[in-house]
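Below is one structure, written out as structure tokens, with a few remarks after it.
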Amino acid sequence: MNNNSKIINIYVNDNQKSLETALIVKDKLEQKGFKPTFDFDENALINLCIGGDGAFLRAVHKYEFSTIPFVGINTGHLGFYQEILIPNIDKFISDLINENYGIEKISLLESKTAIRNSSKTYTHKALNEFVVKSDDSSIVYLDVYIDDNHLESFAGDGIIVSTPSGSTAYNFSAGGSVLYHGLDGFQVTPLAPINSKAYRSLLNSLVVPSKSNVTLYFRDHNFDRKSSIVLADGLNRSYDNVDYVNFTYSDQYINKLVFLKDWYWLNIKDKFL
């Protein structure tokens, strides 16, 4: 973190409330001697995201998983990543000036998508989760391997592979477990699994260590359709004739500013209970 920098990168959602908040924050920062910019500057002190969790995720991807610490002002609904509330903007700026914060390292997942009968592979990263499914809402058939061990022949709507940070997002809505954000592992969660004599699919999520290697092989049933979809934090990637998708922990990570020591438990209670 470049503590000598006065530059603040601002990423803002395009709704009216977020845009108005961004202008207010920009003015307040300038009054305190900061240099806010709506462009990305690699020498910035922080990346400030204004919006909801979607804005935070889009900023992380747009800034290519920069190690400049991210922090969010919440103008959305859930705001799990967005720690700063609009009434607390002045306190946020004061804490920033006085360095009253911690920095948390957040792990990323990496996927490699291989195309059948081709040497082509596509690599992506995700902060929250990857989702593998068909492009037309039909059943997807997958052989699931953990560290080269065959676990199951899955049939269903798809599979979510999520980080601890992402466990409170789509994974949670799909019936997956909430993993403490500091846990060293990730989660594999089925979407509408079929469990019958013909198909034996796990009905619940599976938590694996961070060193694990998870691979989803597309079975021959899938190749009568054209495309399959691999979603990275909601960003749609469509591929023809996928052979397999492999998931591992990434060597990259992002940093997040933390102003409240117990922010995680406060978030869990505030957002879900």
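Glycine is treated like the rest: Cβ placed from N, Cα and C.
The NAD(+) site in Swiss-Prot is built from Asp53, Gly54, Arg58, Asn128, Glu129, Asp157, Thr168, Ala169, Tyr170, Asn171, Phe172, Ser173 plus one of Ala44, Ala114, Ala192, namely Ala192. Around Glu129 (NAD(+) binding site), a 10 Å sphere centred on its CB holds 25 further CB atoms from the protein chains shown. Other Cβ atoms within 10 Å of the Cβ of Arg58 (NAD(+) binding site) number 17 in total over all chains. The DSSP secondary structure for Ala192 (NAD(+) binding site) is coil.
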